[in-house]
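Notes for the one structure printed next.
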Amino acid sequence: MKIVLKIGGAALENKDLVGQFCTTVASLAKDGHHVLVVHGGGAALSRTLKELGIEPKFLNGLRVTDARTRDVALMVLGGLLNKQLAAAIGAVGQPAIGLCGSDLHLCVARKKPLAEDLGFVGEIASVNEEAIAHLWANNAVPVVASLAQGADGEFYNINADEMASALAAACIADTLIFLTDVPGVKDANGDVLNRLGLDRIESLIANGIVSGGMLPKLEACKRALQAGVGSVRILPATKAEALPSLFESPIAFGTELVATV
């Protein structure tokens with residue numbers, strides 16, 4: 001199976017969870033699955049910005065990324081966090097290579113059109129599927145930081161959920177899994193929804209039932225499913241050790257999203 005895993009910045013702050021996640025990635029790869037990891041790192045980025053005397057700025061929940069913030073993101077996400085995560089996967093016996101979107105021409109970004117200009121905030125314009133296939137053929141797990149270069153030569157900060165969705169869509173992954181700090185997608189009563197089809201996803205978005213960070217995540221899920229990804233799962237990061245069992249039985253926690261129910 002082709003599996004794309006996205007681990008959020010909050011989970012990366014927990015060393016025990018990261019260790020658990022890396023062991024799971026190694027186990028999946030050793031079982032013959034092709035695994036690709038995408039990560040963000042917003043918490044570490046904000047912390048480093050403050051240490052450098054740069055106050056993080058947000059507009060409607062989205063990070064304002066001026067040139068200085070973008071450069072620090074390259075250092076923190078594309079450097080420290082990326083290499084630490086790739087090394088941690090390697091430490092449990094699975095070869096992994098740390099990349100950002102510009103490495104191996106993995107993907108090309110473009111400035112994201114938004115009502116308010118947020119600076120160097122981008123979206124994925126194209127993906128080099130052959131580069132991913134080459135790494136998988138050589139038994140390597142790509143670990144991708146959510147940054148990519150545009151045709152204009154500028155680096156752009158990419159929403160990690162959107163990057164994971166774009167990469168999963170490009171390689172037509174069997175499953176895309178988001179490991180988050182929430183138990184799953186909730187309905188209007190606050191109860192976790194176990195399984196959703198595209199029609200229900202669109203209804204939740206249209207009726208304003210989902211908000212905050214879950215909104216772009218569901219939009220990313222929708223695009224992945226529409227592009228042919230087999231299924232998407234939104235799971236609490238604390239359940240990382242149970243990932244292998246998800247391919248053997250129905251999902252027991254979190255939310256599974258499919259094209260049709």
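Placement of Cβ uses the backbone N, Cα and C atoms for every residue, glycine included.
So that you can see what the record holds, here are the features copied from Swiss-Prot:
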- GLY41, GLY42, ARG63, ASN157: substrate binding site (BINDING)
- LYS6: site 'Transition state stabilizer' (SITE)
- LYS217: site 'Transition state stabilizer' (SITE)
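Everything Swiss-Prot records as a feature, shown here on the structure.
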| residue | record | Cβ neighbours (10 Å) |
| --- | --- | --- |
| LYS6 | site 'Transition state stabilizer' | 28 |
| GLY41 | substrate binding site | 27 |
| GLY42 | substrate binding site | 22 |
| ARG63 | substrate binding site | 20 |
| ASN157 | substrate binding site | 28 |
| LYS217 | site 'Transition state stabilizer' | 25 |
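Counted over all residue pairs in GLY41, GLY42, ARG63, ASN157, the record's binders of substrate, the longest Cα to Cα distance measures 12 angstrom. Looking at ASN157 (substrate binding site) and LYS217 (site 'Transition state stabilizer'), their Cα atoms lie 16 Å from each other. For the pair LYS6 (site 'Transition state stabilizer') and GLY41 (substrate binding site), the Cα-Cα distance reads 11 Å. Put simply, LYS217 (site 'Transition state stabilizer') is 15 Å from GLY42 (substrate binding site) when counted between their Cα atoms. Secondary structure at LYS217 (site 'Transition state stabilizer'), as computed by DSSP, is helix. On a Cα basis, ARG63 (substrate binding site) lies 16 Å away from LYS217 (site 'Transition state stabilizer'). Apart from GLY41, GLY42, ARG63, ASN157, the substrate site neighbourhood in this chain, defined by C-beta within 8 angstroms of the site C-beta centre, holds GLY9, GLY40, LEU45, SER46, THR65, ALA73, LEU77, SER146, ALA160.
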